[in-house]
């Protein structure tokens, strides 16, 4: 079951990756004046600017969809919402690709189609996280969701490899192949999968505090006010700007800067995703072990600045470049995967909404939506910065963004350090020592035990009666 959801989102990301893998072919197609017809764009720079506009428009539409549609997974059956989003986005990806076969090429058609794709794909991640949040508890969530969130990176690899093997036939076949996979995968999601473990004879990890009542989905405003949501949303905006800039532009960068063949650039760009997959699992396990995610994420973000600086000065050697690319993916992609999955799930179960999974999709939509706004702004700036100052300036901008991400998380780290220095109590059911004040990463407990503890009172170690 979990594997099926894993590959469902991998197919979504594979279709999303297609545009970034065929950018050189699109630029050549749009600026070709050898046919006697008026080219779509007069020069390569104009075509690059339009591709940047497509990336930015996609992410803005994606962000709007996350804010508005993120709550759909809390109000309706998330598997049905997911399947419908997959069907609709598959159609838009297909239409974008086959425009080459039509007797007209319209920039407006390209833009509207890709914007629609961003809107439809926005329902996928929040609903997936809402489903996964009901299957796993907090103690194992970092490792499990760290591994599971690598579905995005696996999807990138799938999409890239499909494109690298179909680009010789024509870039349109890359869109068609990934769109068909996504479309048919949605049928399996709609008819064969269910969102809750209880429907498979298992107890849901996140249970209602009152079995007779169905928890209500919270509002977006209330979700914004949950502890840690604002700080992590802003940090993720900076982090996703860097991660998605490399997602959209890395194959083109390898082709333009190092003059690698398009298929070679596509294939070797997957090392960035491989690094992110390994990191997501390792830091997920580490955050579970230490019962805290913020310090580990800040440490990773700090190291990412060094890896970006080193990669910006990488030599034109395939092996060295691939290693440094994987290292950069480790320190950039790993934290990005963990924030958008395990951290978002933790925040969606915080404080007064503990015991309810009905906020997971909403909170995930807020964090991912804010991140997409930052990423969208980045896509509009990258071509301008590159044209004026070169690629080295683009990477220096990435380093600045990672620094800002760290600054956004410093208040949470400070609060957590203060919290850990306060008196601790012992859980009656586990014997574990815990902080008496709650932080977002330590506030997920069984609702039934919480009621018992509240009724009998949990004695603090340094209380007068102890």
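Cβ coordinates are placed from backbone N, Cα and C, and glycine is handled just like the others.
The feature domain 'Major facilitator superfamily (MFS) profile' is assigned by TrEMBL to 1-423.
Residues of the same chain lying 6 or more positions beyond the ends of the transmembrane segment (50-69) and with a Cβ under 8 Å from any Cβ of it are 19-20, 23, 26-27, 30, 41, 107, 110-111, 114-123, 125-126, 220, 244, 248, 365-366, 368-373, 375-377, 379-380, 382-383. The transmembrane segment feature in TrEMBL is assigned to 50-69 (among others).
Residues 8, 11-12, 15, 18-19, 29, 72-73, 109-110, 113-114, 116-117, 120-124, 127-128, 131, 170-176, 178-180, 182-183, 185-187, 189-190 of the same chain sit 6 or more residues outside the transmembrane segment (81-102) yet have a Cβ under 8 Å from a Cβ within it. Taken from TrEMBL, the feature transmembrane segment applies to 81-102 (among others).
If you look up TrEMBL, you'll see 108-125 (among others) marked as transmembrane segment.
Nonlocal intrachain contacts for the transmembrane segment (145-167), taken as residues 6+ away from its ends with a CB within less than 8 angstroms of a stretch CB, comprise 2, 5-7, 9-18, 21-22, 25, 132, 136, 173-174, 177-178, 181, 247, 251, 262-263, 266-267, 269-270, 273-274, 276-277, 280-285, 287, 329, 333, 337-338, 340-342, 345. As annotated by TrEMBL, transmembrane segment applies to 145-167 (among others).
Feature annotation from TrEMBL assigns transmembrane segment to 173-193 (among others).
The feature transmembrane segment is assigned by TrEMBL to 229-250 (among others).
The transmembrane segment feature in TrEMBL is assigned to 270-287 (among others). For the transmembrane segment (270-287), the list of distant contacts is 141-147, 149-150, 153-154, 156-157, 160-161, 246, 250, 293, 296-297, 300, 322-323, 325-338, 342, 441: same-chain residues at least six beyond its ends, Cβ to Cβ under 8 Å.
Tertiary neighbourhood of the transmembrane segment (294-312): same-chain residues 239, 242, 279, 283, 286-287, 324-325, 327-328, 330-332, 334-335, 338-339, 343, 391-392, 395-396, 398-399, 402-403, 405-406, 409-410, 412-413, 416, 441, selected by CB-CB distance under 8 Å and a gap of 6+ residues from either end. According to TrEMBL, the transmembrane segment annotation covers 294-312 (among others).
Nonlocal intrachain contacts for the transmembrane segment (318-339), taken as residues 6+ away from its ends with a CB within less than 8 angstroms of a stretch CB, comprise 142, 145-146, 149-150, 152-153, 232, 235-236, 239-240, 242-243, 246, 250, 254, 258, 260, 264, 268-269, 271-280, 282-284, 287, 293, 297, 300-301, 303-304, 307-308, 310-311, 367, 402. For 318-339 (among others), the entry in TrEMBL reads transmembrane segment.
Under the heading transmembrane segment, TrEMBL lists 359-382 (among others).
If you look up TrEMBL, you'll see 388-414 (among others) marked as transmembrane segment. Note on the transmembrane segment (388-414): residues 228, 231-232, 234-236, 238-239, 241-242, 245, 253, 257, 294-295, 297-298, 301-302, 304-305, 308-309, 311-313, 332, 378, 381-382, 440 of its chain, located 6 or more positions outside it, place their CB under 8 angstroms from a CB of the stretch.
Among residues of the same chain six or more beyond the transmembrane segment (229-250), those with a C-beta under 8 A of the stretch's C-beta atoms are 17, 19-20, 55, 59, 156, 223, 269, 272, 301, 304, 308, 325, 328-329, 332-333, 335-336, 339-340, 343-344, 347, 363, 366-368, 370-375, 377-379, 382, 394, 398, 401-402, 404-406, 408-409, 411-412.
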